[in-house]
């Protein structure tokens with residue numbers, strides 16, 4: 001560079017990209033002041049675009065030396081450069097030193113605070129702006145609303161909503177979108193819906209915020225219905241909207257809808273997006289099709305930890321522990337390090353299959369090799385693994401030795417294992433903790449009653465049932481559902497309202513007689529109603545998953561697998577029935593209960609009767 005430097009755009013870009021320092025002998029003497037300022041602004045804007053903080057600082061220092069830092073526009077460009085470079089403290093110094101601030105000054109700094117998760121600073125600056133009587137814009141309000149999302153400040157959000165209405169900016173699309181986002185993320189879906197429906201104009205971000213809000217709050221059906229409106233209105237979906245819809249399909253185990261969304265993703269070109277692909281893997285696994293999940297996984301060119309975790313978790317859910325462990329090793333061979341989520345998945349796979357030694361090895365490896373501190377979920381997996389394998393005392397010792405208080409999940413797992421293995425002493429201890437932590441959960445009392453019954457402690461059984469009656473603690477009713485031709489059919493025990501219920505019961509009666517030939521016997525110990533034996537047999541016979549199976553046999557093609565979803569753990573009697581039914585019908589029966597997937601084929605279950 002010559003002593004008299006003409007800062008062309010090409011020269012500045014080269015200086016920034018090559019990270020060369022600004023020469024100390026720059027002579028601006030031949031330039032008029034306006035030209036100097038123009039070049040200064042051009043250089044600072046290029047520094048902002050390239051996030052070249054070192055060059056920006058040097059240019060700022062030169063501007064001060066030459067007396068060019070004065071002026072609101074120059075200060076605004078400096079604030080923008082520092083904000084884009086992540087130096088918010090430097091941006092604030094420039095801001096505080098400005099004799100006169102414009103709306104751009106306030107908006108740039110408030111927006112940067114919000115984007116960089118410094119929500120309190122954004123809110124405080126907005127308060128200062130109001131005290132100073134400065135004018136504001138829709139961008140100001142939407143930025144502050146975004147900041148209140150980050151700290152879940154619902155009361156602040158409502159005040160800002162009122163402020164937006166008073167200032168007549170609530171109809172602005174960006175303000176409305178920010179309101180929808182903050183209300184949805186705070187669980188206030190009615191408020192979010194009210195704002196959403198009142199908006200005259202919506203962007204794809206607005207639709208995405210509303211769909212995501214439904215999904216995050218477990219309202220999966222509402223999310224899919226809203227996505228249907230997106231399609232009707234011909235809104236072009238983005239990757240965030242599609243990812244949320246996939247999660248909604250996963251939550252409902254809606255395989256047909258999930259495949260339709262997958263087709264849309266392929267058509268719109270988002271299939272190569274690693275996060276979309278990982279969501280698809282998770283969706284297919286949760287819908288009972290681990291094969292489809294693996295197909296998506298193998299199609300990813302550059303897999304990251306998220307995609308590997310999704311696949312390992314999918315294998316674990318379907319009791320395919322070997323595939324989960326092989327994937328765990330392959331992941332490391334590809335140069336990726338497992339994180340705490342990876343270990344949760346692989347430990348869960350060991351838990352479902354009773355692989356105690358392998359689980360202990362992974363737990364040790366997590367701490368020793370990868371320096372990951374085990375959290376409550378890791379310990380819960382270990383408690384479950386030991387308990388399922390009958391090592392109840394060791395599981396209880398692990399709970400006592402943990403560096404933190406045991407969770408409901410741990411005590412619940414231990415109680416369930418005590419019920420399975422008939423350990424009354426530790427079962428009573430686990431139940432006592434659960435009664436204190438979740439007094440309204442009838443399932444804990446029922447499990448303890450089962451342990452008493454298994455140990456022939458009938459006074460304990462009577463005591464548990466009496467407690468349930470006196471406290472009016474209601475057990476959640478079992479419900480199963482099955483998708484047939486784009487429609488979901490739900491069944492309760494003893495269902496009478498389905499339009500084809502007569503055919504369903506007839507089909508079930510025939511199936512019961514056939515499976516009895518293979519040796520199936522009704523296991524009445526799985527029914528805890530205080531009724532006669534014949535009535536227990538009738539109740540078990542009409543469990544919701546058996547009704548869903550019968551309907552599936554009536555409606556689905558002979559080669560199609562029957563996929564049933566259930567809101568509770570499948571009982572032992574239904575588990576035995578499904579195994580025999582898979583032999584008689586020569587069908588694959590897939591049941592997803594609250595804990596895991598059961599794949600019934602040729603008289604066997606993928607869980608190995610270990611669930």
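Just so you know, glycine gets a Cβ as well, placed from its N, Cα and C.
For reference, TrEMBL has these:
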SIGNAL    1-15  signal peptide
REPEAT    102-136  repeat 'PPR'
REPEAT    203-237  repeat 'PPR'
REPEAT    304-338  repeat 'PPR'
REPEAT    339-374  repeat 'PPR'
DOMAIN    519-611  domain 'DYW'
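Counting residues 6+ beyond its ends, the repeat 'PPR' (304-338) has Cβ neighbours under 8 Å at 274-275, 277-279, 281-282, 284-286, 288, 290, 293-294, 297, 344-346, 348-350, 352-353, 355, 358, 366, 370, 596-597, 599, 606-608 in the same chain. Helix, strand and coil counts from DSSP across the repeat 'PPR' (102-136) read 26 helix, 0 strand, 9 coil. For the repeat 'PPR' (203-237), DSSP puts the residue distribution at 26 helix, 0 strand, 9 coil.
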